[in-house]
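Chemist: For 20-200, the entry in Swiss-Prot reads region 'Myosin and calmodulin-binding'. Annotation comment: Swiss-Prot describes 21-379, 458-531 as region 'Disordered'. The compositional bias 'Basic and acidic residues' annotation in Swiss-Prot covers 41-50, 93-116, 143-156, 200-227, 271-297, 305-372, 503-522. Taken from Swiss-Prot, the feature compositional bias 'Polar residues' applies to 54-68, 120-133, 162-172, 459-471. According to Swiss-Prot, the phosphoserine annotation covers SER123, SER249, SER382, SER395, SER462, SER491, SER497, SER527. Taken from Swiss-Prot, the feature region 'Tropomyosin-binding' covers 303-360, 402-412, and the record attributes it to sequence analysis. Among the features that Swiss-Prot reports, SUMO2 cross-link is placed at LYS384. Residues or ranges marked as region 'Strong actin-binding' by Swiss-Prot on the basis of similarity to another entry: 392-424. The region 'Calmodulin-binding' feature in Swiss-Prot is assigned to 454-460; the stated evidence is similarity to another entry. Summarising the annotation, Swiss-Prot assigns phosphothreonine to THR468. The region 'Weak actin-binding' feature in Swiss-Prot is assigned to 506-531.
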Amino acid sequence: MLSRSGSQGRRCLATLSQIAYQRNDDDEEEAARERRRRARQERLRQKQEEESLGQVTDQVEAHVQNSAPDEESKPATANAQVEGDEEAALLERLARREERRQKRLQEALERQKEFDPTITDGSLSVPSRRMQNNSAENETAEGEEKGESRSGRYEMEETEVVITSYQKNSYQDAEDKKKEEKEEEEEEEKLKGGNLGENQIKDEKIKKDKEPKEEVKNFLDRKKGFTEVKAQNGEFMTHKLKQTENAFSPSRSGGRASGDKEAEGAPQVEAGKRLEELRRRRGETESEEFEKLKQKQQEAALELEELKKKREERRKVLEEEEQRRKQEEADRKAREEEEKRRLKEEIERRRAEAAEKRQKMPEDGLSEDKKPFKCFTPKGSSLKIEERAEFLNKSVQKSGVKSTHQAAVVSKIDSRLEQYTNAIEGTKASKPMKPAASDLPVPAEGVRNIKSMWEKGSVFSSPSASGTPNKETAGLKVGVSSRINEWLTKSPDGNKSPAPKPSDLRPGDVSGKRNLWEKQSVDKVTSPTKV
């Protein structure tokens, strides 16, 4: 309910403001119409005065020309006809206006019924009756007096303003006003055209009047006896004309002209002020709208610049991130390459160090006095085999090879042993056979025992003597077995314990040992199946 009452109050205020504006506009239009009507009346009065002056002059000169009364009667009838036509046109215009207003009233009532069905014809019958009464009074007042018609028209305009408060659309009123203005302009043009015709008639009449006057003057000049009469008539005519001018000009035209000028000047000044005010307001509104548009354009330009800056910053950030990522990727690759190269160099260095250690350990591992005795034979094949077996055993212990790979290692050692034995046999076969010493046992049993140990996989167990011990070779066998045990039991990083030096060997026995090794090689050649 409150919202409805508030909306109705706003509507009432809007309608009141609209009514006030329309009333002001209608007042201005009515004042303009009144000014035009007064101007027309003033022109008609001036015409009548001129015609009356012309009639007086024609009556004075009636003794000169008898055709003057006929010519004077024509303008009077023309003026009467013009006045009758103007009154008829005014009445027709008022009738048309009344019909249009009644139509608008009916349309307004229908619209109001559509918006508010509670309104009945009886509630609005009073304004319609009042309008009808006012229209009737207007018609009678226009017929009787023009002043009363003005008041009647004001009342009609007031009723129209009251009725237009119920209207929602003023487009039809604007069209009607435009039509009325066009009709008034056409009527004014017609009046102007009539005035032009009247002016032409007057000019022709003046010309016709001048011609007989000139003829009269010539006739009087011919007659010398009428000079005094001419002077008296001239003085009488001028005196009479002056009296008529004084009678018409101060009494009628003077006061009316001044009053009309004042009445016409005040509305014109007010209209000019209103026009200036409207122009000023329109200029202010246009300037405000222009400023708002300019401000909006500036704000849009600023927003566009900010968006461009943000986009540029985002692009720069993305480029920096991409460059940083590429740099990190390049650094990572460089570090990986450096790490690989360093590891490779470390591996190569360790391999070189291991090779050097392997080369130095058999020679430098023992001191000078603890080095085992080496029998210098022509070829030294048995010592080489022992050194090779020792090297293979060390490599197996260092690399931590499991027992599952022992068979492959043994097969490799066997193949190497076979290669070495074959090489020894090849070298010995080319030499002549020498008689072997009968007192030395065959040392091939120890080699066979070592081979059988590698084949059986019992290298890590203590060797068992399969052959019968001899007193002469006991020291040699003890030295070999002790060295094998040391190879098997010592740690990879531990120092080599010196092998016991056999006490029964002396430098003088070199030749005997030589014969022993030669006998051993001969036995190997003769009995290849045992190997």
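Every residue, even glycine, has its Cβ placed from backbone N, Cα and C.
What's the neighbourhood like for these features in this structure?
Modeler: For the compositional bias 'Basic and acidic residues' (41-50), residue counts in helix, strand and coil come to 10 helix, 0 strand, 0 coil, using DSSP.
Secondary structure of the compositional bias 'Basic and acidic residues' (93-116), assigned with DSSP and counted as helix (H, G, I), strand (E, B) and coil, comes to 23 helix, 0 strand, 1 coil.
Panel annotation: around the compositional bias 'Basic and acidic residues' (271-297), residues 28, 32 of the same chain, lying at least six beyond its termini, place a Cβ under 8 Å from a Cβ of the stretch.
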Chemist: Let me know the model's mean pLDDT on the region 'Weak actin-binding' (506-531).
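Modeler: A mean pLDDT of 55 is what the model gives the region 'Weak actin-binding' (506-531).
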Chemist: With DSSP helix as H/G/I and strand as E/B, how many residues of the region 'Tropomyosin-binding' (303-360) fall in helix, strand and coil?
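Modeler: In the region 'Tropomyosin-binding' (303-360), the DSSP-based counts are 58 helix, 0 strand, 0 coil.
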Chemist: Below 8 Å Cβ to Cβ and six or more residues apart, same chain only. Which residues does that give for SER395 (phosphoserine)?
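Modeler: Once residues fewer than 6 apart are set aside, SER395 (phosphoserine) is near nothing.
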Chemist: Go ahead and report the DSSP secondary structure tallies for the compositional bias 'Basic and acidic residues' (271-297): helix first, then strand, then coil.
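Modeler: Split into helix, strand and coil, the compositional bias 'Basic and acidic residues' (271-297) gives 27 helix, 0 strand, 0 coil.
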